[in-house]
Structures are given as structure tokens and as C-alpha cells.
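Peer 1: Annotations for this protein, taken from TrEMBL, read as follows:
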- His75, His77, His232, Asp306: Zn(2+) binding site (BINDING)
- His75, His77, His232, Asp306: Fe(3+) binding site (BINDING)
- Arg84, Tyr142, His169, Gln235, Ser311: 4-imidazolone-5-propanoate binding site (BINDING)
- Tyr142, Asn308, Gly310: N-formimidoyl-L-glutamate binding site (BINDING)
- 67-380: domain 'Amidohydrolase-related' (DOMAIN)
Amino acid sequence: MPRTTPTTLITNITSLVTNDPAQGDGTPLGLLTDAAVVLDGETIAWVGPAAKAPSADETYDAQGRAAIPGFVDSHSHLVFAGDRTQEFNARMSGRAYSAGGIRTTVAATRAATDAELEANLTHYLAEALRQGTTTFETKSGYGLNTEDESRALRIAARHTDEVTFLGAHIVSPDYAEDPAAYVDLVTGEMLEACAPHARWVDVFCEKGAFDGDQARAILTAGKAKGLHPRIHANQLSYGPGVQLAVELDAASADHCTHLTDADVDALAQGNTVATLLPGAEFSTRAEWPDARRLLDAGATVALSTDCNPGSSFTSSVPFCIALAVRDMGMTPDEAIWSATAGGAQALRRDDIGRIAPGARADLAFLDAPSHVHLAYRPGVPLISEVWRKGARVA
Ligand code: NIG
Ligand code: FE
């Protein structure tokens with residue numbers, strides 16, 4: 001077969017996070033200094049010390065910057081319309097966060113045209129890409145009827161393979177008097193219409209949203225339609241979400257802010273990743289999830305944005321890394337691993353989240369000599385260049 005794309009040798013990377021423990025210093029981060037990477041089309045072909053780099057058709061000089069795998073944001077809610085500035089203002093004046101604010105976004109989302117929803121989604125995707133995110137998951141959950149949930153998923157699926165059906169975000173306002181009938185709708189007609197457009201099924205398992213039995217019914221129905229579960233679990237209070245996630249082999253239990261010792265043990269023993277979303281605690285002024293406790297117990301931790309107009313209106317993974325290091329007991333190395341390889345595990349993907357032969361060529365270059373600067377220099381736009389599938393995209 002004649003070669004259709006030239007190979008590219010990227011040299012002069014002063015410090016490279018590979019997430020390949022076989023590389024470099026033998027830590028999970030697989031850190032290489034004075035590194036080079038060879039890209040072959042959309043894929044990484046070679047990684048190692050610059051001194052040993054093979055030749056390639058083209059050469060690109062990274063000019064002494066650090067590089068990391070593109071971020072894998074495994075939890076966002078980007079198909080929505082409107083904003084909730086007033087609600088945020090009220091919270092910052094002392095009002096508590098309540099999931100009821102979701103209704104405001106449901107009304108705005110239902111009223112929006114497809115074109116408006118897609119323009120909003122692409123706006124936040126471009127924002128995330130500029131900040132180093134090369135893979136993102138996103139959900140429905142602001143439609144809460146069959147038509148608006150399925151259109152949200154159709155729009156999302158044009159932009160990512162990681163699409164999640166969250167018809168069970170809260171009980172639809174149309175069913176306020178009959179939550180059981182809403183669960184029937186979600187597990188019946190709505191699931192039927194939504195499953196072809198999604199990979200995942202999610203439930204907000206929380207007081208005021210869905211209890212453990214309802215969540216089990218919804219996730220089990222989703223599984224029967226070929227969707228794989230993930231759960232909004234233990235965000236606002238203690239509850240059954242984490243245990244249910246492990247029981248159902250969910251890829252991820254998301255939030256994990258209120259955990260008993262039994263919850264931590266279950267996550268440490270099971271295959272379910274604990275996805276922590278510190279943007280939500282930041283903008284709801286809630287207590288931080290305890291990443292240190294989870295890591296010390298042996299659980300796998302991912303870090304993501306939860307970008308949504310209510311509880312966490314940030315698309316910035318670097319911001320979440322800085323919060324996790326400052327307030328959740330993570331080291332910079334752990335936080336960067338969690339935002340890349342951890343996110344990939346939360347999506348059960350092994351082609352992303354690492355810079356190793358065979359992985360997708362997704363890299364972020366930092367205007368800094370080391371990945372540690374992402375936490376050390378919070379709020380500074382250090383992502384200077386982003387490559388996705390072997391092409392420079394930002
Ligand atoms: O992940 N917890 C539930 N859902 C979102 C919040 C959505 C909203 O407030 O609009 C979350 O934090
Ligand atoms: Fe969320």
C-alpha cells in the first residue's frame with residue numbers, strides 16, 4: 001500500500017508525560033525528558049529519547065516545551081441552551097445548590113432550535129479544545145421528553161463517540177405528580193428512541209432525583225438495549241449510587257463527594273472508576289471530594305469538568321487539575337494522570353489518554369517546561385498548542 005500521509009517527527013520536547021509506565025522514570029506517568037514522538041497519520045508510531053529518534057518525512061520542533069496526552073474529559077453536559085447566572089449569583093450570596101435548577105435549563109433547551117443547540121455545543125467544544133481536551137463525553141438530560149432527549153443525543157453524536165443518555169437527570173416537570181410513570185417512559189419509549197444514538201446510560205441517583213431502585217431499573221433497561229452504565233453518584237449526600245455502580249459494573253461513578261468506608265472499598269475492589277468533578281464543588285461551594293482517600297485505598301480516579309450551566313460552568317480541565325491538587329490531596333502527577341489516562345479508563349478506552357505506539361496522536365503542548373506547571377501556575381493559559389488525530393487543531 002502506498003503511504004498516503006507523511007510521518008512526522010516531533011523533537012525537542014523537554015518533558016513528555018506518556019502515561020506508559022514502560023517509558024522513562026518507571027512511574028505511572030512514564031515521564032521522558034528530551035523526548036521525541038513520531039506520528040503516522042492519526043496514530044503514534046514511536047516514542048522515546050530524542051537522541052534515539054528514527055527519521056521521518058517531516059520534522060516539527062517543539063521548542064523545548066513540555067507535552068502531555070490530550071485531556072479526556074469523561075463527564076460533561078453540553079447540549080443545553082440558556083444560562084443560570086442568576087442562580088450562581090444567588091448561591092454566591094449564600095443560597096444552597098439544588099438540582100431543581102435543572103428545570104430552568106430544561107425549559108430553555110426545549111425552546112431552542114437544533115441549530116441553536118448545536119452552535120452552543122460547538123462553542124464550548126472549541127473552548128475545551130483550546131484548553132487541551134481532545135476527547136469528551138457529553139450527555140442529554142435537559143430535554144426530559146422523548147423528542148428532546150433524542151434530538152440532544154443526535155446532535156451530540158455528530159461531535160463525539162462518547163454520548164450518554166441521561167433521560168433520568170431529574171423527574172420531568174411534566175411528570176411531577178407521577179415519578180413512576182416517568183421511570184416507565186425513560187425505560188420504555190424514550191430509551192427505545194435514544195439508545196441508537198448513545199453509547200452510555202446514566203442516572204442522577206440522589207435525593208430529589210432518582211432513588212437506588214429507580215436507578216437500578218433505568219440502568220438495567222439501558223443495559224438490555226446495549227448501553228453501558230455510568231452514574232451520577234453520591235454528589236449531594238450519602239446514598240446507594242456508588243454501590244449500585246460497582247454492582248452493575250458501571251464504567252464510572254461520578255462525583256463521589258459523600259462516601260462511606262464501604263463505598264471507598266467497593267470502588268477499590270471493583271472495575272468502576274471514581275470520576276471526581278471539582279468544578280461542581282467549586283461553583284456550589286460544597287465540600288471537596290477526598291481524592292487522597294480514594295487513591296490510598298487503591299481506587300482508580302478520573303478528573304473531569306462536569307461542564308454544565310448549573311453546577312459547574314467550566315470547560316477547563318487545567319482548572320480542575322489545580323483544584324484537585326490544592327484541595328483534594330492529589331499530587332500534580334496524580335491529577336494529570338487522572339485527567340488523561342483516568343478519563344480514558346472511565347470511558348473504557350485504551351486508544352487515548354497516553355502517548356505510546358498505537359495510541360491516537362492526541363497531544364497538548366504547554367507553554368512551560370513541565371506538566372507540574374498546570375497546578376503550580378493556576379489560571380494561566382499554559383496550553384499553547386493542541387494536536388488531535390495527528391493534526392494541529394489549536
Ligand atoms: O452533574 N448532578 C446532576 N447534574 C449536574 C448538574 C446539572 C445542573 O445543575 O444543570 C451535575 O452536577
Ligand atoms: Fe454531571
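Cβ atoms here come from the backbone N, Cα and C positions, even for glycine.
TrEMBL does not curate its annotations; it predicts them automatically.
Are these features on the surface or tucked inside, and what are their neighbours?
Peer 2: The secondary structure of His77 (Zn(2+) binding site), as reduced to three states from DSSP, is coil rather than helix or strand.
Taking Cβ-Cβ distances under 8 Å and a sequence gap of 6 or more within the same chain, the neighbours of His75 (Zn(2+) binding site) are Glu137, Ser252, Asp254, Thr275, Leu277, Ser304, Thr305, Asp306, Ala346.
Residues near Ser311 (4-imidazolone-5-propanoate binding site) in space but far in sequence (CB under 8 A, at least 6 apart, same chain), listed by position: Tyr97, Gly279, Ala280, Ser283, Thr284.
Within 10 Å of the Cβ of Gly310 (N-formimidoyl-L-glutamate binding site) there are 26 other Cβ atoms, across all protein chains.
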Peer 1: List, in residue order, those binding-site residues out of Arg84, Tyr142, His169, Asp306 with a Cβ under 6 Å from any atom belonging to ligand 2.
Peer 2: Asp306
Peer 1: For Asp306 (Zn(2+) binding site), list the number of other Cβ atoms lying within 10 Å of its Cβ atom.
Peer 2: 26
Peer 1: Relative to ligand 1, which of the binding-site residues His75, Arg84, Tyr142 have a Cβ found under 6 Å from one of its atoms?
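Peer 2: Close enough to ligand 1 is none of the binding-site residues.
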Peer 1: Test of understanding: give the count of other CB atoms lying within 10 angstroms of the CB of Asn308 (N-formimidoyl-L-glutamate binding site).
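Peer 2: By my count, 28.
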